[in-house]
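According to TrEMBL, the domain 'NfeD1b N-terminal' annotation covers 43-198. What TrEMBL records for 240-361 is domain 'NfeD integral membrane'. The feature domain 'NfeD-like C-terminal' is assigned by TrEMBL to 377-435. Annotated transmembrane segment per TrEMBL: 231-254, 261-278, 284-300, 307-324, 344-362, in sequence order.
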Amino acid sequence: MTKPKGLIIVLIIFIFLLMVASSAGHATGPAENSYKAGNGKVVLFINLTGTVSAGTTNMFRSELANIDNSSVKAVIISVDAGGGMLQQALDIDKYINSTENKGITVYAYVLPGGSATYTATYVTMDATGLYMAPGTMIGLSQPDLVGGTSTQEQNDIIQMGHVMESMALAHNRNGTAASSMVLNDSEYSSTQASNIKLSDGNFASMNAMLVGLNLSAYGKEYVHQSVYDNFLGFIANPLIAGIFILIGIVAVFLDLYHGTIVLSVIGVVMIGLGLLGADIINASVFGLILLLLAGILIFLEFKTNHGIALLSGLITGIAGIYFLASSYGTSSPGYSPAPFGESFYMFSIAIILIGILLIIYISKILKSQRREIYTGAESLIGHSADVVTPMKRNGKGFVMIDGVQWEAINIGVDVNRSEKVVIIERKGLTLIVKKI
């Protein structure tokens, strides 16, 4: 199997798995009818772990939208989470408030060994009751505006400080300490939070909390993120969405040199998935414009063939990915913490290195396909080539010569993959061959 074909197969499998994930339903615990009145009330446990994402929001929406107090006694959010997009947390707060308005108490419990930091604090603080395991932490809630000015970021911090304070005061907690988690990026231990009334107390375990809140006698229903939720969380990420768009553009560009459709199809699918993710996170138009400009520069390479346009396009694309997370031109309150870390810089270096390899690869293709400029169109005649795709008599396919794939027409007997053929004639970029 040639390297290009191996890469294509890997990409096809990857895209297929993503499409399967997107079609999957939401997963809950084993009791199918526990929400229906008549089966007895249950306590609904929702896991909030890792990063707060679009998948997290979808999980809360799908689970809380249709419940009522005739079947659900309380909702308990098991928390061990950190960063993410602040807008997703604020959307989750709407579902929590809606649940409270139905007469259902919503508790948040910071799990033993866990924490509620960054974006997760905006979900935790809005619960009816907030409890923590000993030794856990809460705080570090200051937002980060990617690409924003210091004035814009300070205004955003003040605004989100008011939001956090109002959530705390609405549930009779310490509003000053809550706002300090945003304004000063403060962090509190479980003991400190309980002592200053930032939380409603501590429980050593979930079972202890159930006993303490008189909920241990009720049935239990556990909710985790489904495959579809995980897919949303994966694709609705500025780095992933941007990578998909940029790689998709490069895939379509490379197909100009191969004369096939496979890379183009893969490229279009990846661009579509990237745009889907960008739409979900309400990506900055400025970032999308930079990615569009990157695409123009990359395709300009097909005309110039000196490598500068391709590298310029990739560098512009990297900038576009960075600014996808910007609040410029959007109503997004930003992230907490910043969505880009070492992975972004490692990716940027990798993209530049890949760009250099692509320039070398394209130069090799052009050198082979334009050989007639220096040695005449007949230079390939009489040479042998390896069959890449089986060809019937008078059928079309592809052959490989000097590491470059060519379109070919077979005028001899049927040939199979990996067999040798001899080049009889050349018509433009198509070779006339027959079996040796």
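In case you wondered, yes, glycine gets a Cβ from its N, Cα and C as well.
The stretches the transmembrane segment (284-300) and the transmembrane segment (344-362) do not meet in space: the count of Cβ pairs below 8 angstroms, excluding pairs fewer than 6 apart in sequence, stays at fewer than three. The list of residues near the transmembrane segment (261-278) in space but at least 6 beyond its ends in sequence, with Cβ under 8 angstroms from a Cβ of it, reads 8, 11-12, 15, 18, 235-238, 240-255, 287-288, 324. When the domain 'NfeD integral membrane' (240-361) is classified with DSSP, helix, strand and coil residues number 95 helix, 2 strand, 25 coil.
For the domain 'NfeD-like C-terminal' (377-435), residue counts in helix, strand and coil come to 4 helix, 33 strand, 22 coil, using DSSP.
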